[in-house]
Amino acid sequence: MLQDPDLILQCRQVTKQVTTGEKTLEILQPINLQVRPSETVAIIGASGSGKTTLLSLLAGLDTPSQGEIYLKQQPLHKFDEEQRSAVRAKHVGFIFQSFLLINSLTALENVMLPAELAGDSNAQERALSMLAKVGLKDRAEHFPSQLSGGEQQRVAIARAFISSPDILFADEPTGNLDSKTGDTVSELLFELNQQQGTTLVLVTHDNDLAAQCQRQLVMHAGELTEAVKPVAEVV
Amino acid sequence: MSAWATQSWRLFRHELKRGELTIIALALIIAVASVFSLSGFSAQIKSALIQQSNSFIAADRVLQSSRPVEEKYLNKADEMGLQHAQLLQFSSMVFGGDDMVLASVKAVSNGYPLRGSLLVATPDDQNQLSVGSVAPPKQGSAYVGQSLLNNLNLNIGDRFELGNSEFTISGVIDKEPDASFSVFTSGPRVMIHVDDVPATDIVQPGSRLTYKYLFAGDAIVEYSEWAKPQILETQRFRDIKDQQSPLANALNRAESYLSLASMLGIILAAVAVSVASRRYGQRHQPMVAVYKSIGASASFISKLYLLHWGALAGFSILVGLIIGYGIQYLGIQFMADVVPGVSLTVSAYPVLVAVFTGVICAVAFAITPLRQLIATPAISVIRGFAGFERAQSWLERTPPLLAVVLLLWLFSQDLLLTTALMLGAGAIIFTILVLGHVLINAGRSVGSQAGQAFHLSMANLKRRAKANQVQLVSFTIAIQLLLLMLVVRNDLINEWQAQLPQNTPNQFLVNVSQTQVPAVEEFLHTQGLAASDLYPIVRGRLSAINEEQVRRRVSKEEEDASEQGRRGIGRELNLTWHQKLPSENEVIAGQWFNQDNPKPEVSVEQKLAERLQVSVGDELTFQIGSETVSMPVTSIRTVNWQSMQPNFYMIFSESVLADFPATYIAAIYVPALQKTEFQTFLQDYPTISIIDVDAIINQLRTVISQVSLAVEFILILVLIAGALVLVAQVQASMEERERELAILRTLGAKGSLLANSVLLEFVILGALAGLLGSLSMEIGVFILQTQVFDMSAAIHWQYWLLGTVLGAVIVGALGMASCYRLLKLSSLTLIRRTL
């Protein structure tokens with residue numbers, strides 16, 4: 001089946017099952033999803049509803065049990081780990097709930113990482129400028145353990161945007177932060193997103209955060225539906 | 001630089017600086033440093049000790065033969081740049097004035113002795129005698145023993161006849177480096193130049209002669225390898241360690257101990273590397289997942305980590321070599337005062353072995369953790385990390401096992417010992433796993449009735465049973481090996497000291513006639529001197545076993561010619577009779593003579609009995625002078641040949657030998673203060689010969705104390721390696737505990753409760769490991785003492801308690817120290833670090 005060239009991300013009948021012992025668990029019911037470039041999409045839902053599983057499939061970290069996923073027209077469901085890695089390197093940025101910075105590298109080196117992987121010779125310059133954008137230029141030489149949670153997430157945001165990804169996946173980006181820091185971080189996230197025109201798919205509990213996205217999808221027991229009511233009433 | 005290389009180098013630099021690689025680097029460093037210092041140091045000490053001890057045979061190697069040896073032996077020695085000298089020993093009558101005496105003649109060539117020095121009292125310019133190290137006698141002159149001067153009433157400068165030649169006495173022998181330990185050397189010593197022998201006309205076909213060729217020099221090992229396969233059965237090629245003497249025994253055992261210590265050092269270091277490399281893999285998993293999630297390929301990760309690990313291994317090996325050299329330097333500085341001859345030259349071999357050890361450890365122990373690490377899936381950034389929790393398959397355990405076997409074999413060059421060690425270790429690990437499981441389970445049911453901290457700690461032990469078993473195995477191995485080294489060292493040193501107690505006989509009285517016996521006994525009694533019994537000596541030859549004639553001599557040439565006839569001894573034996581079983585002898589078959597039922601009987605030494613294939617009940621026939629006597633073997637004895645006592649192959653019941661003329665022999669301890677009385681007494685009995693072994697015993701004591709010191713030093717090195725295993729293991733397990741502590745802390749558990757539960761957990765683990773370690777140590781010691789060190793085995797109860805207590809204290813303290821650091825962190829920091 002041909003993909004729509006206007007879509008950056010497309011899912012058709014994607015399911016995910018896991019087998020534990022003799023039981024097979026349906027984590028995702030057949031899911032269909034289409035995301036246009038520069039769109040911002042929030043996936044909301046209760047814990048265990050399958051939203052993070054979906055995120056990992058969309059980002060090519062995992063493969064679906066059935067169905068098709070196209071990211072930038074590339075059939076992720078057919079790709080092996082190496083090919084999916086290559087897709088991620090070229091098109092994808094990540095922000096995780098637990099920041100996942102490399103503890104043994106400084107803030108600057110963490111931010112440089114994707115640019116260096118892409119063979120960018122100006123990695124350091126660009127990383128410094130990204131750190132400046134997230135307000136951490138003076139903490140460039142600090143190691144993650146020397147930074148607060150909010151600062152670590154800002155470094156993670158800088159790392160996610162440095163390679164100007166086509167699509168950014170954020171998994172509860174404010175989940176580990178207090179509300180004030182969370183607000184600062186989300187502001188920063190949307191600001192950079194707007195500047196770069198990046199597509200954003202974020203998974204969150206936070207209704208306010210979700211409300212800042214153009215679309216809100218609700219995940220409930222493995223089923224994904226477009227939110228028709230205001231977000232606050234759904235969750 | 002490629003991106004992977006940049007990343008790799010950056011990680012390495014930061015991690016090294018931040019101390020994140022300390023444990024793994026330290027484990028490799030210790031492996032390399034201990035192997036380097038142990039192999040270098042023990043090789044140095046061994047060669048210095050052997051060099052020094054070689055003075056006991058006046059050479060590095062001696063080739064002994066009853067005929068002159070082929071020229072090729074000397075030519076080859078010249079070719080290899082070895083020094084060599086020749087000795088010819090025989091007995092002959094010496095005539096001086098109107099008297100004559102049967103002397104033990106030793107003709108020596110220039111260069112004698114090649115090791116040690118010949119001390120002779122010679123007159124100086126003022127005609128005063130002074131003892132000094134001298135060259136062999138010039139042609140026409142001789143050095144003689146004091147007893148020859150006494151017997152023949154001669155003085156320095158006088159002449160005596162030997163065969164058809166005359167010699168001038170130019171000095172009195174004070175000490176020959178290679179003086180015999182044997183007390184049966186007949187007659188006073190005469191030392192002449194070997195070139196004078198032909199003129200004496202003493203050497204005739206059929207003369208009983210002993211030719212000795214002495215060799216020394218750097219290429220001696222290569223020379224030995226060349227010579228050994230060629231020598232005939234009638235010849236002997238030996239070094240100091242082939243001697244059946246207390247010294248050879250001490251040296252052999254010390255050598256075994258040093259090798260064993262080095263091998264155990266390797267095992268300990270390997271265990272530390274294994275523990276630390278697993279932890280290294282675990283710690284790097286999140287990094288790999290992050291790299292992969294942002295698009296790094298598997299080959300990128302592989303190259304990154306190969307370089308990272310390579311840099312780490314290279315760095316550790318280099319530091320290990322430097323530290324190893326430092327340890328060796330310190331050790332040798334420390335030993336230099338007591339072991340003359342040690343030097344700081346580093347030979348290539350220890351460096352190679354150490355580098356090889358480092359590489360093997362780094363490769364074999366890292367393969368599995370690195371493979372698991374590199375295989376970490378990107379999805380772990382979301383799902384978390386579980387790769388290292390699963391049990392390892394046998395395939396994954398193979399490389400480390402093979403590596404240890406290879407290293408041990410390389411180091412010991414002894415496949416049997418290596419296999420035995422590995423099988424033993426396998427059995428011990430299995431036992432530990434089973435026992436540990438049972439004990440922890442048993443502990444838990446007790447724990448549920450005890451206090452809160454104890455309950456928590458037992459629950460923790462049980463919950464982490466799998467991880468704990470791994471810990472238990474490494475704690476136990478460390479404690480076991482340390483105890484093993486300690487116990488074997490103590491037993492060795494004690495036995496060495498016991499071999500030469502304070503009143504070890506230092507004088508032998510030989511040639512005491514039957515009529516002199518009462519006077520000698522009376523003197524010993526009044527002076528209160530410790531002495532062995534007086535043993536009569538009758539010389540005789542074994543002529544038949546069960547009426548079957550024995551061959552007189554066994555040699556390669558004669559073997560084919562005379563296939564018939566049983567194997568004999570080929571020389572005259574010193575036969576004795578005695579009513580009591582001598583001390584240091586033990587009957588292992590049959591019965592000692594019954595005093596109430598005097599009949600002809602003989603007791604045979606065990607090894608000789610084996611060689612002659614005789615057992616209790618066999619009939620032996622001896623030719624004594626012109627008479628033939630036969631008697632049954634009624635007992636087989638073991639003899640401690642290392643005791644400085646008169647020892648005999650054959651002891652007869654009184655009725656067999658009582659009627660033959662005999663001379664008597666006794667071993668006496670004469671304290672320095674009573675020496676004058678002793679000499680005064682003997683002046684009245686000029687025919688009694690004395691053999692003074694005081695100097696030999698003192699030298700033995702010195703060597704043994706040096707060996708003991710070397711053993712202690714090595715023990716310390718092994719202790720360090722063992723301590724590292726404990727630290728690495730506690731550190732590794734502490735990281736596993738961090739998360740749990742964070743949760744408990746968050747749930748409001750008091751610091752003291754957590755501290756107590758962690759302390760108890762480690763104390764229990766330590767005590768258990770100590771107990772199991774002691775148990776397995778006992779098995780190890782038993783095997784080593786009976787198989788390797790040839791000692792009698794004993795149970796060491798005191799170490800069981802020591803092992804258990806030390807295990808609890810050390811492991812508990814290490815656990816507490818690591819835990820204290822964690823408990824001092826605020827709950828928030830803990831949570832941030834781990835969750």
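Please read every residue number as a count from 1 along the shown chain.
Glycine too: its Cβ is placed from the backbone N, Cα and C atoms.
Automated prediction, rather than curation, is the source of TrEMBL annotations.
As recorded in TrEMBL, the features of this protein are as follows:
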- B:21-41: transmembrane segment (TRANSMEM)
- B:23-197: domain 'MacB-like periplasmic core' (DOMAIN)
- B:257-277: transmembrane segment (TRANSMEM)
- B:261-376: domain 'ABC3 transporter permease C-terminal' (DOMAIN)
- B:306-327: transmembrane segment (TRANSMEM)
- B:347-373: transmembrane segment (TRANSMEM)
- B:394-411: transmembrane segment (TRANSMEM)
- B:417-440: transmembrane segment (TRANSMEM)
- B:470-488: transmembrane segment (TRANSMEM)
- B:709-732: transmembrane segment (TRANSMEM)
- B:713-826: domain 'ABC3 transporter permease C-terminal' (DOMAIN)
- B:753-777: transmembrane segment (TRANSMEM)
- B:797-823: transmembrane segment (TRANSMEM)
| Ranked first among B:306-327, B:394-411, B:417-440 for CB pairs under 8 angstroms with the transmembrane segment (B:257-277) | B:394-411
| request: For the domain 'ABC3 transporter permease C-terminal' (B:713-826), give the DSSP counts of helix residues, strand residues and coil residues. | output: 100 helix, 0 strand, 14 coil
| message | At a C-beta cut-off of under 8 Å, are there same-chain residues at least 6 beyond the transmembrane segment (B:21-41) that contact it? List them, or none. | response | 12, 15, 258, 261-262, 265-266, 268-270, 272-273, 275-277, 279-280, 312-313, 315-317, 319-321, 323-325, 327-328, 331-332, 346-347, 349-351, 353-355, 357-358, 361-362, 411, 713-714, 717-718, 720-721, 724, 727-728, 731-732
| Is the transmembrane segment (B:470-488) in contact with the transmembrane segment (B:394-411), using three or more Cβ pairs under 8 angstroms as the rule and ignoring pairs under 6 apart in sequence? | no
| remark: In the domain 'MacB-like periplasmic core' (B:23-197), averaged pLDDT is 83
| How do the residues of the domain 'ABC3 transporter permease C-terminal' (B:261-376) split into helix, strand and coil according to DSSP? | 99 helix, 0 strand, 17 coil
| remark: Long-range Cβ contacts under 8 Å made by the transmembrane segment (B:797-823), restricted to residues 6 or more beyond its ends, are 475, 479, 483, 486-487, 726-727, 730-731, 733-734, 737-738, 741, 751, 754-755, 758-759, 761-771, 773-775, 777-778, 830
